[in-house]
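As written in Swiss-Prot, here are the features:
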REPEAT    41-71  repeat 'PPR 1'
REPEAT    72-106  repeat 'PPR 2'
REPEAT    108-142  repeat 'PPR 3'
REPEAT    143-173  repeat 'PPR 4'
REPEAT    174-208  repeat 'PPR 5'
REPEAT    209-239  repeat 'PPR 6'
REPEAT    240-274  repeat 'PPR 7'
REPEAT    275-305  repeat 'PPR 8'
REPEAT    306-340  repeat 'PPR 9'
REPEAT    341-371  repeat 'PPR 10'
REPEAT    377-407  repeat 'PPR 11'
REGION    412-487  region 'Type E motif'
REGION    488-518  region 'Type E(+) motif'
């Protein structure tokens, strides 16, 4: 076939490139393109690089690009985009530097979004700010897609100031602009600012609502997370799998079983149970809400279990004190060739701790380090020390506190203190208490624990001294509380709090309940210590 000019040849091959489906077809077309002398055509090579991106053959894309003597900005953008899609961020930076150094062309509005994403993925704030400077110098500064990518980059660097500055200076904002800023604030736990921004938004999408739910869950404000979940539904927005995964931990922490069951049915109806993340969150919710049988059933029905699935089930067994269930699940995990992680071993150690299986605890701790090269964190040391202390192996537990690579925290010293109620362990108790006074000077519970130990030993002068210290320091116990779920709404009641609506009526009902309960009679001094009265 005779062609008149390079453009006609290019136009001839474009439909073939658009229809190609297999690598064999692609190779034949590519050979024809080279035969017709188009290896230097930036236009044709751009199309070929785009196809390489689609089939994830970046080695060939690189060879095609390198053959072109003078690539234009469209070809540069194509190879930068392809490298970004395939997570080759260092190559993105290399090509960008080549564009600045060797090309007569400048980066444009299609270049910068991929550059900002690559800098963020590399975690290089320095590079990101340099590219931002290039945008101000070369690029069309006020372009919403570019500025959205810039906001997202700064948010990933936890740079709220620069992110908000870009947002404030935008000529035009779209819903992605708002959601990028909102999601960043929520991810960093800045929920007051996130809420203010949320209420300014005219177009709230599922992404906006999910960011708020996830943000509140992340900082432990579980009631607020569930409130936003309900408000989202009242606003007519149906939850997706991400919003379900975001709210289920709040259900788990608050014991909101009814809402959790509703989410399970909703997820089943919408086909979300095919998503491993949704099933993992449901297993955790059922475990923490006390319905371990439902968690086991759901786990058994899952396909494609990942390490989180196995670890969540192991932790569920541990939460219910079923060490044998946790160990058997771990054995199944090994047979399934799924590599455990630190969370897996934390669940195993916790399970061993609940039932005093200290030898198994030591074995799993050693297995974690030696077989899987997982460096124990302070939580792992805490569980190991707890299992040894509960089993009466205090000397070994104390030895670990001296040799562990990080300073023991208050949980570790508290675990040691609470295990010192047998005779002969007063010295360990006093050492633990010294550290607790330093770490938690106002925690009355630690003084109560020590007073219990003194009471067990008949050291009533020391009990009296501690009682005087508590009064002089004006220490107060953290008030007890309880949660109750009615009509899918969780209500929290805290000791001494009379701010609830209908508090008078509630008090009358509570008095009726207590009047029918048997009154326990305290018959000896030791009982005073056991119920926390010092």
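Backbone N, Cα and C define each Cβ position, glycine as well.
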If one takes Cβ-Cβ under 8 Å and requires six or more residues beyond its ends, the residues near the repeat 'PPR 9' (306-340) are 276-277, 279-280, 283-284, 286-288, 290, 292, 295-296, 299, 346-348, 350-352, 354-355, 357, 360, 368, 372, 374
Rounded mean pLDDT within the repeat 'PPR 11' (377-407) lands at 91
The correct DSSP tally for the repeat 'PPR 11' (377-407) reads 23 helix, 0 strand, 8 coil
Other same-chain positions with a Cβ less than 8 Å from the repeat 'PPR 11' (377-407) and lying at least 6 residues past its termini are 342, 345-346, 349-350, 352-353, 356-358, 361-362, 365, 368, 415-416, 418-420, 422, 425, 428, 431
